[in-house]
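For reference, the structure discussed in these notes is given below.
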Amino acid sequence: MTTARYNRVVLKLSGEALSGDQGYGIDPKVIQSISKQVKEVADLGVEVAIVVGGGNIWRGKVGSEMGMDRASADYMGMLATIMNSLALQDGLETIDVETRVQTSIEMRQVAEPYIRRKAIRHLEKKRVVIFAAGTGNPYFSTDTTAALRAAEIEAEVILMAKNNVDGVYTDDPKLNKSAKKYESLTYLEMLNEGLGVMDSTASSLCMDNNIPLIVFSIMEEGNIKRVVQGETIGTTIRGK
C-alpha cells in the first residue's frame with residue numbers, strides 16, 4: 001500500500017462544492033464522490049478532520065448586505081454548515097466510514113459539542129471528524145475555523161479543496177486566459193498580492209502556527225489521495 005506524507009489533515013470544503021452544477025443546495029452525487037475520496041485517504045491510515053462551509057445554503061455576508069443584523073446572518077450561516085456536515089456524515093457512514101460531527105454551537109440531539117480532546121481521541125481511533133458551525137462566533141469565516149481547528153488538533157496541513165479552480169493563479173483564470181498558476185507561495189506573498197485564497201485572519205493563524213495550505217481541485221476523482229501522498233498538484237502555501 002502506498003504510504004501517505006501526512007498523518008493528520010484538515011480538509012476544508014466550501015459549501016458551493018457540495019451543490020455541484022445546480023449551484024444551490026446539496027447534490028447527492030457530489031456527497032457520494034467526496035465521501036469516496038475521503039474514504040480513500042482514511043484507508044491509508046490518515047486521520048481526517050473536515051471543515052465545511054455553508055455558502056450553498058446561506059452566506060452571512062449576503063444577509064448583512066440585505067440589511068440583516070450581521071451577527072444573526074452569520075448564525076444562520078453556521079446552521080447551514082451543520083446541515084452540510086450531517087449530509088456528509090451520512091455519505092461517509094453509508095460507505096462504512098465511522099464519522100462524528102462536532103458543533104461549535106451546542107445541539108446535542110443532532111451532534112456532539114466541540115471538545116478538543118474528544119475530537120483528537122476520535123481521530124486517534126481513525127474516525128473522521130467533521131467540525132460544524134464555524135467557530136461558534138459571528139464575523140469569523142469557515143476558513144478561519146479550518147485554521148483554528150488545525151492548530152488545536154495539531155494537523156500537519158490544511159487541504160483546501162476547490163470546485164471551480166485547481167490552484168492559486170495570478171488572476172482569475174476564467175476571465176484572464178494568460179493568468180499563471182503558482183506552484184508555491186508564502187502566506188506573506190499571498191496577502192501582499194491580494195490573491196483572495198482565504199481571509200487575512202485565517203492566513204495569519206496559519207502563518208503564525210506554521211501550518212501549510214494546499215489549494216487544489218476536488219472535481220477530479222482521487223485528488224485528495226494524491227495530495228496526501230505528496231503528489232505535486234495545485235498550489236502549496238507555507239511559511240512567511
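Positions of Cβ are set from backbone N, Cα and C atoms, glycine also.
Counting only same-chain residues six or more apart in sequence, the Cβ atoms lying under 8 angstroms from the Cβ of Ser14 (ATP binding site) belong to Val52, Gly53, Gly55, Ala161, Lys162, Asn163. When secondary structure is read from DSSP and collapsed to three states, Ser14 (ATP binding site) falls in the coil class. Look at Swiss-Prot and you will find Lys12, Leu13, Ser14, Gly15, Gly55, Arg59, Asn163, Tyr169, Asp172 tagged as ATP binding site.
There are 15 other Cβ atoms within 10 Å of the Cβ belonging to Asn137 (UMP binding site). What Swiss-Prot lists as UMP binding site is Gly54, Asp74, Thr135, Gly136, Asn137, Pro138, Tyr139, Phe140, Ser141, Thr142.
Counting same-chain residues at least six beyond the ends of the region 'Involved in allosteric activation by GTP' (20-25), those with a Cβ under 8 angstroms from any Cβ of the stretch are 56-57. Among the features that Swiss-Prot reports, region 'Involved in allosteric activation by GTP' is placed at 20-25, with the record citing sequence analysis.
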Three-class DSSP secondary structure - Thr135 (UMP binding site): coil
Environment of Gly54, Asp74, Thr135, Gly136, Asn137, Pro138, Tyr139, Phe140, Ser141, Thr142, the listed UMP site - residues of the same chain whose CB lies within 8 A of the CB centroid: Gly60, Gly77, Met78, Gly134, Thr144, Thr145
Local backbone state of Ser141 (UMP binding site), from DSSP in three classes: coil
Maximal Cα-Cα distance (Å) across residues annotated as binding UMP, namely Gly54, Asp74, Thr135, Gly136, Asn137, Pro138, Tyr139, Phe140, Ser141, Thr142: 15
Rounded Cα-Cα span from Gly54 (UMP binding site) to Lys12 (ATP binding site), Å: 12
Fewest Cβ neighbours within 10 Å, where candidates are the binding-site residues Lys12, Gly54, Gly55, Thr135, Asp172: Asp172
